[in-house]
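What TrEMBL says about this protein:
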| type | residues | note |
| --- | --- | --- |
| TRANSMEM | 22-43 | transmembrane segment |
| TRANSMEM | 64-85 | transmembrane segment |
| TRANSMEM | 158-179 | transmembrane segment |
| TRANSMEM | 280-299 | transmembrane segment |
| TRANSMEM | 305-323 | transmembrane segment |
| TRANSMEM | 364-388 | transmembrane segment |
| TRANSMEM | 400-428 | transmembrane segment |
Amino acid sequence: MAGGGGGGGGEGPRQLDQTPTWAVSTVCGVIILISIILELIIHKVGEVFVKKKKKALFEALEKIKSELMVLGFISLLLTFGQNYIASICVPSRYGHAMSFCGPSDGPSDDDDNDKKLKNTEHAMRILSIQRRSSADAPPVNCKKDYVALRSLNALHQVHIFIFFLAVFHVIYSAITMMLGRAKIRGWKVWEQEIIHEQEMMNDPSRFRLTHETSFVREHVNSWASNKFFFYVMCFFHQILRSVRKSDYLTMRHGLISVHLAPGMKFDFQKYIKRSLEDDFKVVVGIIPELWAFVMLFLLFGVHGWYVTAVITMVPPLLTLAIGTKFQAIISYMALEIQERHAFIQGMPVVNVSDQHFWFGQPALVLHMIHFVLFQNAFEITYFFWMWYEFGLRSCFHHHFGLITIRVCLGVGVQFLCSYITFPLYALVTQMGSTMKRSVFDEQTSRALEQWHKKARKKNEK
């Protein structure tokens, strides 16, 4: 019987029972092969981390794998339940409320952007997808004044969005770690210089006073007495020079003086690198609160509300605020040294305390960095997904200049937070009241944990 479809032989879309076995086998084989290759790559990366004793990075990799599994489960549930979801009907007043695009964004709109959209090849692809979906989809019999909750085409677009989330989550996690390690790698020269100086010099106090003077001189000036100009100065310091040699050496000496034996040989740069890897385990995760943010972001992305445009400003503002706070902590330490230097000679170079941080909680800053990195990565992923699905000049990008600014801000925040703020956190938080377990190597940490467990059991008895 001849079909009514045009273009290709007059046959409608074929179901699985009418598809050649070689076609099914080939498609499944290619998908399985790609999946196995990706799994082997992740496994080899994990083996490299284990071989190099990068326990924190290996745990972060395992966390990424578990999050990819969650995304896979979401995709599986959507695939299994798409026909049920598409058959759900809701009242028209709710079905057409809070849309991503307004009613004027259709074919009859005279807006220049929509005229360009009609003439693009991407618009033809969208139309083709819609026609194919309407041909494949079973009819939804909704009552009068009722509409389908979501079409199969819309659910397919959600599948693509989940794929984008998975791919970009891996990419952004890798970029964050690579930029952070690159920044800390630059401090290795300072560490080698100070170790060489310690071996050549027998007067620890002389070493302390020499570097202490340069540290104070670089942070204390006439502008520091005014709070407004003090924070303006700290704001620009994080961008122009986030960490100077004197900052690194002063905090290194402060940590050793308070938590370790003064004058001992200690690779501070290696310790900061391990501390960064431990922190990376936190920022790479997607906790339920962040999933809730995703839901709110999608909920308030209503045409004409511009709520998402306001939310976009949160990552850059929060990143700059955190960087300014860290620079203020370093400068306050310099001011404290200047006040007591002439009277106290035997005290540590800096006064380590959790009170330097917001609410006396250094870990709170890490959660803020976690939120910034996730939100920024999600928004850029959202942009690329909309570009892929609806085109660059779609109703989602009504104000193209604003979208361009948002993307540029996203790229800038990713670099600023990964290369400057995140390593700065790993360094400045060493000035807290407690010492991180990263100061010990893996064997020492394990021995201390076992000793602590035995001591606790003995006390319970």
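Including glycine, each Cβ sits where the backbone N, Cα and C put it.
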Top partner of the transmembrane segment (280-299) among 22-43, 64-85, 158-179, 364-388, 400-428 - counted as Cβ pairs under 8 Å: 364-388
Seg_contact(the transmembrane segment (364-388), the transmembrane segment (158-179)) with at least 3 CB pairs under 8 angstroms, min sep 6: yes
Same-chain residues near the transmembrane segment (400-428), Cβ under 8 Å, at least 6 residues beyond its ends: 113, 172, 175-176, 179-180, 182-184, 238-239, 242-243, 247-248, 251, 272, 275-276, 279, 283, 309, 312-313, 315-316, 319-320, 322-323, 326, 329-330, 365-366, 369, 372-373, 376-377, 379-380, 383, 392-393
